[in-house]
Amino acid sequence: MKPTYVLGIDSSTQSCKALLVDAQSGEVVAEQRSSHLPGTQIDPQHWVTALETATTGLLEQASAVSIAGQQHGMVALDEHGQPVREAMLWNDTSSAQQAKELTEELGGAQACAEKIGSVPVASLTVTKLRWLRDHEPENASRTTQVLLPHDYLTWHLGGRKEAVTDHGDASGTGYYDPAARRFLPDLAADALGHSVQLPRLAQANEQVGRTSTGAVIGAGTGDNMAAALGLDLQPGDVCISIGTSGVASAVVEDSVHDGSGMVTGFVAANGKFLPLACTLNGAPVLDFGARMLGVGKQEFSDLALAAEPGSGGVVLLPYLGGERTPNRPEATGLLQGLRGTTTREQIARAYVEGLLCSMKDAVAALEASTKVATKRILLIGGGAQAEAVRVIAPQIFGVAVDVPRTAEYVALGAARQAAWALGGQEQPPVWDIAESTRYQARPRPEIYAGYAKLRDATEGWN
Ligand SMILES: Nc1ncnc2c1ncn2[C@@H]1O[C@H](COP(=O)(O)OP(=O)(O)O)[C@@H](O)[C@H]1O
Ligand SMILES: O=C(CO)[C@@H](O)[C@H](O)COP(=O)(O)O
């Protein structure tokens, strides 16, 4: 019998990845990718071009397709469906002031967490709408519809007919109520200064259209929701994704409303909830460290592994692009503890330890908000390819770390959703994706303690 293939797409910050997957087994049969442009404001047409490049030759073979995308980006469209300006991405911190103002307008941090699941930070779409109103009133007045990156691409794939989104990605806008599972259009209107059309909320297994090649289109979702679906996260599992962002997330039964703002209470792609703590500084911290030392990725990892735990007292605060968790949009990075005897190996290791300690902050916040202890960490994303990250991670987290068999889990989750939409059953198909490599080590709490001391001492610094 001829196999049925589905296509899963991950349109993330740095690139667009497409996986052609056997709908029955979940086996990946082909993979292609295309780079995105750097920057925090991007013409959405570039994503379309990357999508077309990454899916060439694959889309034709697929019976269904779903797109997962970087969360939160504001794609503001005019009455003709044309972007009024470049999309502002999740890691654009221009709207930090608007985040503060909206938090106050909504009655403070805890009131926001109750109403929209999250305390607004610059990443959330709602703050970008308010920024548009304040800084580009002409563009704001021309905006008739606002989409998320994955909505925009799904709309394009379906021939630009009806615009739809899913509950997972919608829950990251800041104008969605995760407990009631509905948009709050008044909040979007208040932010932008006038009412604005929002995409229709589709069900997770809904067929929302057809491609020009006749494939069924699924609703798609946010990249973190898709990763959870691709990994089939179970209670006690924490996914740590080291992509452009650093994300700690878990799938839970009840909605989360964290007034501290460290954890955003999103909705999962399978009808449950996906509380998540996200940093602005993931794998690019390693890229930066390697560049500073003038070495490639492999040598950087080798250098880090050649140094002793604790990096001879060198500590990195990795807030290179400002930070969101903790909320320090104006922060910069900091290397502390340098001596005349400090080695390149110690500096390389300090980058890895600093990145992982910031992820431990995220895991701690997640555990505090869900009251669920972490039983297992699953490490994914580009940064998880580095051996030094894999080896040092259990020293920092204090639990075993599983690195799933190399695959693009966001695109795999999108493929699983596509197969779900194709079959139309109650639950997503069960795929055997359990194979992973376990990394274990003696916990080194003193490394995180040194990091936490520096983090707290620098609160309020820019
Ligand atoms: N072997 C590696 N070691 C360290 N970093 C890596 C490695 N492979 C990829 N990366 C980094 O991972 C990042 C891309 O990860 P990815 O998960 O694809 O990001 P995104 O989903 O945000 O586009 C880049 O910053 C890249 O340099
Ligand atoms: O803002 C968030 C989550 O809230 C980010 O996780 C974005 O969704 C971008 O993801 P990556 O490109 O780093 O995977």
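Each residue, glycine too, has its Cβ placed from N, Cα and C.
All annotation found in TrEMBL is predicted automatically rather than curated by experts.
On a predicted model such as this, the values are computed, not experimentally measured, just so you know.
Going by TrEMBL, these are the annotated features:
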- 5-224: domain 'Carbohydrate kinase FGGY N-terminal' (DOMAIN)
- Asp10: site 'Important for activity' (SITE)
- Gln71, His72: substrate binding site (BINDING)
- Asp223: active site, proton acceptor (ACT_SITE)
- 247-422: domain 'Carbohydrate kinase FGGY C-terminal' (DOMAIN)
I'm trying to understand the geometry here, so how far is the Cα atom of Gln71 (substrate binding site) from the Cα atom of Asp10 (site 'Important for activity'), in Å to the nearest whole number?
11
Which Cβ among the recorded positions (Gln71, His72, Asp223) has the fewest C-beta neighbours inside 10 Å?
His72
Quick note, Asp10 (site 'Important for activity'): same-chain residues at least 6 apart with CB under 8 Å of its CB -> Cys16, Lys17, Ala18, Ala68, Gly69, Asp223, Ala226, Glu408, Val410, Ala411, Ala414
Measuring Cβ to any atom of ligand 2 with a strict under-6 Å cutoff, which of the recorded positions Asp10, Gln71, Asp223 qualify?
Gln71, Asp223
According to DSSP, does Asp10 (site 'Important for activity') fall in a helix, a strand, or coil?
strand
